[in-house]
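Take a look at the structure set out below.
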């Protein structure tokens with residue numbers, strides 16, 4: 001089975017995250033880059049499917065040069081090879097453009113299954129799986145907390161507010177995963193060493209057949225008008241419990257008409 | 001005045017509160033037209049009209065709700081083509097954002113997700129990076145598609161005609177590629193939905209075990225609140241993952257958020273920082289959650305929380 005797992009490098013949420021003042025895009029230099037957390041679950045799920053079904057796991061990343069770190073980690077976890085789509089022309093692309101670029105790159109890798117995290121911790125749009133399924137004309141098996149594959153039949157449990165939906169489809173398909181689907185493995189020392197020798201195909205937009213007029217900040221379908229740091233919350237009142245902490249909160253709630 | 005399509009969120013024939021918030025926001029942009037997909041519209045039309053729906057498009061065909069998301073986007077795409085709305089508003093729930101994403105591809109339009117406010121000209125306000133930055137954005141191409149975070153906009157009634165029009169769409173094979181074979185209801189209690197609740201009470205690592213979550217639930221029930229949990233608590237298996245508030249869980253924006261035994265790591269703050277009033281109970285006075293609070297108590301949650309529950313119940 002040809003499994004492609006989408007991996008995005010995002011700023012570490014523990015480091016300061018900023019927008020650049022000149023073009024309102026993410027300041028990627030200001031923060032340490034890490035694999036988007038939910039993508040680790042996607043990598044793990046892709047590896048488990050490969051281990052059960054046979055085949056190959058390809059990491060597909062769109063992002064700047066420094067995203068190589070995240071690609072190496074995915075390879076160290078056990079993915080077989082990687083495609084790194086990197087091109088200045090892609091900088092500042094919005095969700096609609098990103099889904100187009102990835103669709104084009106998938107044309108190069110081919111796929112039976114595309115696996116990705118349901119959301120990134122930076123932009124948090126949560127739209128990519130839906131956009132890709134729409135563009136590719138394949139089943140959208142998103143928000144999965146369980147995946148079962150039998151031949152070309154695929155079943156997932158789709159997480160909902162009330163529990164889950166059981167969903168059935170046929171491959172090829174796009175699967176997005178939620179946090180509790182598995183427990184991502186840590187790369188072993190052997191895995192880290194092996195990752196250094198695994199092939200990484202670094203490509204530009206021309207290699208992927210991406211039309212430059214359809215990507216990048218200048219051609220985005222959305223634009224940031226302005227931004228500013230949120231005003232800090234006013235310093236609240238903090239008291240130490242002296243046996244009446246609960247009663248004091250109740251008084252505060254009453255003063256605010258909550259009770 | 002141009003129409004603004006509002007996709008109605010509903011469960012068991014009940015309109016969810018976020019839809020009333022969307023109708024309120026839509027009135028700033030044009031004339032709201034509610035879009036109801038699935039059976040059961042009859043009992044809800046009065047409510048939609050009360051909150052400003054001049055029109056109500058009803059697509060009653062059950063088939064539209066039998067597949068994952070795609071049919072809803074197909075119907076909206078057809079309405080965008082037929083009615084030329086000035087914008088489409090959906091709720092920024094996991095599914096709402098997916099509908100928005102597919103619709104954006106179908107119509108070649110820009111999409112703005114997780115918006116906390118909307119102004120004239122469909123300028124959308126975002127609260128990003130865990131609430132650290134407020135950004136305004138707009139759509140340059142196509143019909144603006146805007147997914148608005150529940151509890152961000154106060155719903156206000158403004159009665160309108162609510163004229164019903166039946167609509168339908170022919171689904172393609174691709175729209176029917178992911179079939180929903182069963183809807184499994186796991187957690188259905190008397191408590192409000194986490195993302196819609198006016199008050200949320202969340203428990204974290206300090207709660208110490210699944211059995212102790214009763215303290216959180218009792219406090220929540222005294223306030224008619226929803227229960228949430230931090231990642232530490234859901235990771236430990238003390239509370240189901242679907243109740244996780246945070247960066248990799250749900251984003252909530254209630255009137256009142258009470259964090260009990262939660263230190264306030266960025267992972268958690270990203271999911272609750274836009275709450276209007278924040279209260280914390282934590283034994284560690286250095287916990288970062290105290291940077292956010294309107295009122296905080298440094299103390300043992302096993303003493304403070306039950307006392308609070310008792311005091312609230314006394315005042316009822």
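Yeah, the Cβs are placed from backbone N, Cα and C, and that goes for glycine too.
Bear in mind that TrEMBL entries carry predicted annotations, made automatically and left uncurated.
Since the structure is predicted, the reported quantities are computational estimates derived from the model, not experimental observations.
Annotation comment: TrEMBL describes B:205, B:230-231, B:244-248, B:261-268, B:282 as FAD binding site. Summarising the annotation, TrEMBL assigns domain 'Electron transfer flavoprotein alpha/beta-subunit N-terminal' to B:4-184.
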Problem - For residue B:205 (FAD binding site), the number of other Cβ atoms found within 10 Å of its own Cβ - result: 18
Problem - Number of Cβ atoms other than its own within 10 Å, given for residue B:247 (FAD binding site) - result: 23
Problem - Collapsed DSSP category at residue B:262 (FAD binding site) - result: coil
Problem - Against chain A, in sequence order - binding-site residues B:247, B:262, B:268 with Cβ under 8 Å - result: B:247
Handout entry: DSSP-derived structure type at residue B:244 (FAD binding site), helix or strand or else coil
Key = strand
Practice task
List nothing but the one residue from B:262, B:265 whose Cβ has the fewest other Cβ atoms within 10 Å; the candidates are the binding-site residues.
Solution key: B:265
Completion exercise
Cβ-Cβ distance under 8 Å, sequence separation of 6 or more, same chain as residue B:244 (FAD binding site); the residues meeting this, in order, are B:228, B:229, B:230, B:231, B:233, B:234, B:250, B:271
Exercise for the section: Across all the protein chains here, work out how many other Cβ atoms are within 10 Å of the Cβ of residue B:268 (FAD binding site). Expected result: 27
Practice task
Find the average pLDDT over the domain 'Electron transfer flavoprotein alpha/beta-subunit N-terminal' (B:4-184) in the predicted model and report it.
Solution key: 95
